[in-house]
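Enquirer: Supplied in C-alpha cells, the structure appears directly below.
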Amino acid sequence: MLLGFISLLLTVFQGMIRRTCIPERWTFHMLPCEKPDEKAGEAATMEHFVGTLGRIGRRLLQEGTAGAEQCQKKGKVPLLSLEAIHQLHIFIFVLAITHVIFSVTTMLLGGAQIHQWKQWENGIKKDAPGNGPKVTNVHHHEFIKKRFKGIGKDSIILSWLHSFGKQFYRSVSKSDYTTMRLGFIMTHCPGNPKFDFHRYMVRVLEADFKKVVGISWYLWVFVVIFLLLNVNGWHTYFWIAFLPLILLLAIGTKLEHVIAQLAHDVAEKHTAVEGDVIVKPSDEHFWFGKPRVILYLIHFILFQNAFEIAFFFWILSTYGFDSCIMGQVRFIVPRLVIGVVIQLLCSYSTLPLYAIVTQMGSCYKKEIFNEHVQQGVLGWAQKVKMKKGLKGAASASKDESITNADSAGPSVKIEMAKAGEDVEIVGNTG
C-alpha cells in the first residue's frame, strides 16, 4: 500500500517534477553507465520510449516536451525525464510483488519447519506431570551437555564460533525445545503445565509476519539511496548484496548464543537439581535488551534481498541482459546466488530460531490469549474507558450547572440540585 501511494504521488506531481529544472552539468555526474554520444543517446531513448508506450507514449512525450521547453528556455534540464518517471512506476510495482512473494515464501517454508515441532509438543503433553526424568547432576542433562559442557565452555570465542556453525544444522533440537518451553511456562503461566506453547508461538509468528510483509518509510529511503549509488564502475549492488547476508548470519549466531547463555546460567548456578532443568527467560540476553530488534533486522534483510532480485528483473525486462546498467556477469551471478542462500537460510534456520528464542524474553505477548479472549479483554478495556469518560463529562457538567445556577432564582437552584443528584446516582451505578 505504501509503494502504491508513492506511485500515486509520482503521478500527481509528475507535472511539478517536469517543471523542476536543474543545471545540465549536474546530469554528467554519478551516471549508471558511461556517458554516450549525445545525439545517439537521444535517438535510442526516443525509440525505446515510443516503442514501449505506443500512442500513450507519444501523448506523454508531447506533455513532457512542453515541460522540457520551459527548462530549455532557462538553459537547464528537467529533474526527471518522462521515461525515468515511467520506469520508476514499473520498478515500484516489481519491488512490491517481489517483496510479497519472498515474504510469503519465507513464511511458508519456515512454518513447515516449525510445524514439525508439533510432534514434540504432543509428546510432552502425553507425559504425565512428574513422570519425567529426575536429574541429579545438571551436567548430565542433554540440554546442558550440548549447549554448555561441550565446545565453548571455557572460551567465549569458541562459544560464539560454535553458535555460528550450529545455525546451519539442527538449529533447534528436541532438548532445546523442551527446556525453553518449560522455562516459558514456569515463568509466565506456572499454573498451566499443559499450556500449548507451540500454538502460542505460531500465533506470535503470524502477528509478526503482518509487520514483516509491510514496507516502512525508512526502507523506501534505503531504496532511494541505493538507486542513487548505482554509479558506473562502483558495482554498488554487488557489495550491497553482502549486507543482508552478514546481518542474517549475525542474527542466527546471536539466537544460537542466547540458547547457549540459558544453559550457561543454569550450569553456573546449580550443580544438581531435583526434577527438570528450568531456564530463566530474560531480555538481558538480547541486543539492547530488546528481543524486538531481531524482528526489525529480519524485516530489513527480507526487503533488501527482495530489492536486489527486483532490481535484477526490472533491468532484465526493461533494458536487457547485455545493457550497461545490468553490469558484468561476474558481478551478477554472485548476487543471485547470495539471494537464494539468504532466502533458504532465513526460511529453514533463522525464522524458526526467531520464533522460539524470542519467547525467552522477560515478557510474554498478547497472543498468549486466544482470539476470543483477546477480543473480550479489549472490549472490556474499551467499555471501562468509555465509562470513565462519561463519569468525567457528567462531573464537569454538574459543576458547570451548579455554577450557572448560583445567579438564578431559588426554584431554579432546587431543580438543578435534583438533576445533580440524578447524575451522581447514575455515575455511582456505572
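Each Cβ is built from the backbone N, Cα and C atoms, and glycine gets one as well.
Annotated signal peptide per TrEMBL: 1-19, in sequence order. The feature transmembrane segment is assigned by TrEMBL to 88-109, 212-231, 237-255, 293-316, 336-357.
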Enquirer: Are there residues at least 6 beyond the ends of the transmembrane segment (237-255) whose Cβ is under 8 Å from a Cβ of it, and what are they?
Expert: 160, 163-164, 167, 171, 226, 230, 286-287, 294, 297-298, 300-301, 304-305, 308, 311, 327, 331, 334-335, 338-339, 341-342, 345-346, 349-350, 353-354, 357-358
Enquirer: What stretch of 88-109, 212-231, 293-316 shows the most Cβ pairs under 8 Å to the transmembrane segment (336-357)?
Expert: 293-316
Enquirer: By a Cβ-Cβ criterion of under 8 Å, what residues six or more beyond either terminus of the transmembrane segment (293-316) are in contact with it?
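Expert: Distal contacts: 87, 90-91, 94-95, 97-99, 101-103, 106, 208, 211-212, 215-216, 219, 222-223, 226, 237, 240-241, 243-244, 247-248, 251, 254-255, 286-287, 323, 325-326, 332, 335-336, 338-339, 342-343, 346, 350-351, 354, 358.
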